[in-house]
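Per TrEMBL, the features are as follows:
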TRANSMEM  26-48  transmembrane segment
DOMAIN    41-290  domain 'G-protein coupled receptors family 1 profile'
TRANSMEM  60-78  transmembrane segment
TRANSMEM  98-120  transmembrane segment
TRANSMEM  140-162  transmembrane segment
TRANSMEM  197-225  transmembrane segment
TRANSMEM  237-261  transmembrane segment
TRANSMEM  273-292  transmembrane segment
Amino acid sequence: MEYWNSTLGSGFILMGILNDSGSPELLCATITVLYMLALTSNGLLLLVITVDSRLHVPMYFLLGQLSLMDLLFTSVFTPKALVDFLQSENTISFGGCALQMFLALTLGGAEDLLLAFMAYDRYVAICHPLNYMVFMRPRVCSLMVATAWILAFLSALGHTLYTMHYPFCKVRKIRHLLCEIPPLLKLACADTSRYELLVYVTGVTFLLMPLSAIVASYALILCTVLHMPSNEGKQKALVTCSSHLTVVGMFYGAATFMYVLPSSLHNPRQDNIISFFYTVVTPALNPLIYSLRNQEVMGALRRVLGKYMLPIHCTF
C-alpha cells in the first residue's frame, strides 16, 4: 500500500451525504433551510437571553451557552458542504481537515458536559428552590461553563494531534460528512487498534459519565415532582424537564452511535445520516424545543421584538 505524504497539501476528498443521495439538489435545499433555521433560532435565543434582564438567571445563562455551541457547531461543517456541492468540489486540505476535527470535537465535547450541568441546574431549581441562587450563583455557573470548554478543548487537541500524526494511504476518500476520528482511522496505513481502543474508552467516559449524572439528577427530580401538592407546579416542572430530556436524547443517541458502538457495527451510509442529524438537524431543533413551550422565553421574545422591531417598522 502506498503512503501519502500529507505535506504535499493535496488534502482529502469528503464523500458526504450529498454524494450518496439520490436527490442531492433536494437534500442541498433541505440542508440550506435547516442551516438558516439554526442560525435564526439560535441567534434570536442568544439575543433574547442577552437583552432581556428577566432572563439573566442561571438556567438561561446555560441555555445561551448551548445555543452558542449549536450555532458554532453547525457552522463548522454546513457552509463548506453547501459551497463544495455548488462548486462540485469536495476536497479539504490536511490542515483544514485537522481544524474541522478539532472544532467539532471541542464543541461536541463542551455540549456533552454542558447538558449534564443543565440537568444539575434543573435538579437544584426543583429539589432545592430556596437555595437555588446559593448553589447556582454566578461564579458557579461561570465555573461550569469554563470547565466544559476547557476539558473539551484539551480532549479535542489531544485526539486531533494523535489522529493526524498517522501516515495516510494514497486512497484519500473519506466516506463521511466531515473529518472525524472513525472514518479517518480507516485511511491510516498503520496499526490503529490501540488508539481505536483509547477512542472507545474516551468516548464511553466522556459520554456515559455526564449521562449518568443526568439520569441521577432526573431520578431525584422525579421523586420530588411526585410529592408536589400542586398540579400546576408538577406541570411546569415536567414541561421544563421534558425539553431538556428531548435534547439530551437526540445528542447522546447520535454521539453514542458514532463513538461508543464498535467499528464493526458502522457503515459509511449510516454514519453519514447520523452525522447529518447531529450537525444540521439537532442545532436547528434545539432552540425550538426549548422555546416553544417556555412561556418566559416566548414572552421575552415578544418584548424584544416589540422593542426593537416595532420602532423600525414605524419609521417606514
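For all residues, glycine too, the Cβ spot is worked out from N, Cα and C.
All TrEMBL annotations are machine predictions without curation.
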* Contact set, same chain, for the transmembrane segment (60-78): CB under 8 Å, 6 or more residues outside the stretch -> 31, 35, 38-39, 42-43, 45-46, 49-50, 100, 103-104, 107-108, 110-111, 114-115, 117-118, 121, 141, 144-145, 148, 177-178, 247, 279-280, 282-284, 286-287, 290, 297
* Asked: Residues sitting near the transmembrane segment (26-48): Cβ under 8 Å, six or more positions beyond its termini, same chain?
  -> 17-18, 55, 63-64, 67-68, 70-71, 74-75, 78-79, 81-82, 85-86, 276, 280-281, 283-284, 286-288, 290-291, 297, 300-301, 304
* Asked: So, does the transmembrane segment (273-292) come close enough to the transmembrane segment (197-225) to give 3+ Cβ pairs below 8 Å, pairs being at least 6 apart in sequence?
  -> no
* **Which of 98-120, 237-261, 273-292 contacts the transmembrane segment (140-162) most, counting Cβ pairs under 8 Å** => 98-120
* Structure fact -> With the cut-off at Cβ under 8 Å and a gap of six or more residues from its ends, the chain residues touching the transmembrane segment (273-292) are 16-17, 31, 34-35, 37-38, 41-42, 44-45, 63, 66-67, 70-71, 73-74, 76-78, 104, 108, 176-178, 180, 243-244, 246-247, 250-251, 254-255, 257-258, 298, 301
